[in-house]
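Notes to accompany the following structure.
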Amino acid sequence: MSVKVAINGFGRIGRNVLRAIIESGRTDIEVVAINDLGPVETNAHLFRFDSVHGRFPGEVKVAGDTIDVGRGPIKVTAVRNPAELPHKELGVDIALECTGIFTSRDKAAAHLAAGAKRVLVSAPADGADLTVVYGVNHEKLTNEHLVVSNASCTTNCLAPVAKVLNDAVGIEKGFMTTIHAYTGDQPTLDTMHKDLYRARAAAMSMIPTSTGAAKAVGLVLPELAGKLDGTSIRVPTPNVSVIDLKFVAKRATSKEEINEAIIAAASQQLKGILGFTDQPNVSIDFNHNPNSSTFHLDQTKVMEGTLVRVLSWYDNEWGFSNRMSDTAVAMGKLG
């Protein structure tokens, strides 16, 4: 039996979650509903043509209040209050909360009132029953976890790397910088924004701003709580980001040991989540890459044995959207 999911919010993440399900060919998850306040025809057009990921490789049909992307009609609604969505009627197992609005447990729980069995939020969520980075701590999911956060794209990139390196050599303390592609909450020209850095034109400057992604690793890996912090620099590219992590190891290590630990994990327990490259790649090379994190082996540096610097790439849209599907399926198996 496939897990039935409904997508609330058909923006960058909502559309990519559906596309990732279709393109991967997976049959263990079925999208039965989409809720978005935009016209059905507009949502279909934006799904069909994507400036970042290219044209959808299949046919997209609209008939009444449905969209068909190759697996039969998907019901489309335009309801403002998630508590009023037809989850019960449609037998929704997992509501994928992708609006970026209902990001606290209390707000996201409206989907439960509508009849969904569980909710997965596509962002950090205050008060969530559990914050999950698939491949790192998804096995902690239990029947008690009704509202779950899928963390952020940056935490999904950092956590697998941090887990492997903490297990291998120990992390005393560390600081991460994410060099991050601009996103939809940044303007094309200067305008009002509560964050004055993000008030500036996205494609014209490198923009320092904040991120809670490093601290959030402590929610996923309690052994690293309080040991990591970070910052963000938004750059004038539309997709693909990279983390630059510097940490103090608990014991002396080497570039070779660090890289070997990553290669071993990426080839075994974290295969499909953590990847690696030894090529002189640049950001565009990782566009549409489904990994949560792709470690750049030749960028590893070790100073005086214990000061370590590593670099890992991530498609901040596509990788995260693939993990939304993975986590939703894991939640669906809870019953």
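Heads up, residue numbers simply count up from 1 along the chain you see.
Glycine residues also receive a Cβ, built from the backbone N, Cα and C atoms like all the rest.
Annotation source Swiss-Prot lists active site, nucleophile at C153, citing similarity to another entry. Look at Swiss-Prot and you will find R12, I13, D36, R80, S122, N316 tagged as NAD(+) binding site. Look at Swiss-Prot and you will find S152, C153, T154, T183, R198, T211, G212, R234 tagged as D-glyceraldehyde 3-phosphate binding site, backed by similarity to another entry. The feature site 'Activates thiol group during catalysis' is assigned by Swiss-Prot to H180.
Its Cβ placed at the centre, R234 (D-glyceraldehyde 3-phosphate binding site) has 23 other Cβ atoms within 10 Å. Put plainly, the binding-site residues R12, T154 were compared by Cβ crowding within 10 Å, and the winner is T154. Of the listed binding-site residues S122, T183, the Cβ environment within 10 Å is emptiest of other Cβ atoms at T183. Long-range neighbours of S152 (D-glyceraldehyde 3-phosphate binding site) (same chain, six or more residues apart, CB within less than 8 Å of its CB): A123, P124, T211, G212, A213, A216, F320. For T154 (D-glyceraldehyde 3-phosphate binding site), the recorded positions whose C-alpha atoms fall inside a 10 Å radius of its own C-alpha are H180, N316, out of R12, I13, H180, N316. Of all the recorded positions in the list C153, H180, T183, R198, R234, the shortest Cα-Cα distance to R80 (NAD(+) binding site) is found for T183. Local packing around the Cβ, expressed as the count of other Cβ atoms within 10 angstroms, is greatest for C153 among the recorded positions C153, G212, N316. Once Cβ contacts within 10 Å are tallied over all protein chains shown, the recorded positions R80, H180, R198 are led by H180. According to DSSP, G212 (D-glyceraldehyde 3-phosphate binding site) is assigned to coil rather than to any helix or strand. Around I13 (NAD(+) binding site), the same-chain residues at least 6 positions away in sequence with a Cβ under 8 Å from its Cβ are C98, S122, E317, F320, S321, M324. Among the recorded positions C153, H180, T183, R198, R234, the residue whose Cα lies closest in space to that of D36 (NAD(+) binding site) is T183. Residues S152, C153, T154, T183, R198, T211, G212, R234 are the ones the record ties to D-glyceraldehyde 3-phosphate, and the longest Cα gap between any two of them is 18 Å.
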